């Protein structure tokens, strides 16, 4: 079985590498699938993130047509505040708007991971509750100026400077970073990949 990560995210690549526990025989390649990430009318956040993870895995599988026995991992992460999906910011003003909305509140981070093979696709969903401290305008301005939030769902990275804003989490840290390790290991183990 040839493992493929359907993502160019450096965070997902690093997390998937951790699953190998340093073993030289744990290898994977990466592809960059292109899918439409527009939510469907009335689609619930849980359904949306699981659909995107599966579509990324299947689109990645289509890119591996010449590969022997590909098993493709797709993943997607969203931040949900009061039932609104907060994706990646479109610009700095949007990042500031999102951070102001998260300030002093709890939100849910949902990450879905899917494994697609020729005959089946399996999906796991992980949810983590994250509570932010109250952010000042100066905090928000400085953080956005760092550019860190610009490629991240919810406009922050818990593993970077944005971790300064996290008061507490309930659930999986790796879910918030972008690839839930326990659930990903389970999917790989069920597929015979160790």
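Every residue, even glycine, has its Cβ placed from backbone N, Cα and C.
According to Swiss-Prot, the features are:
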type	residues	note
SITE	11	site 'Important for substrate specificity'
ACT_SITE	76	active site, proton acceptor
SITE	77	site 'Important for substrate specificity'
SITE	159	site 'Important for substrate specificity'
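In the three-state DSSP assignment, the secondary structure recorded for residue 76 (active site, proton acceptor) is strand. Fewest other C-beta atoms within 10 angstroms, among the recorded sites 77, 159, are seen around 159.
Checking each of the recorded positions (76, 77, 159) against residue 11 (site 'Important for substrate specificity'), the C-alpha distance stays within 10 Å for 159. For the pair formed by residue 159 (site 'Important for substrate specificity') and residue 77 (site 'Important for substrate specificity'), distance between Cα atoms is given as 14 Å, rounded to the nearest Å. Counted over every protein chain shown, other Cβ atoms within 10 Å are most numerous around 76 among the recorded positions 11, 76.
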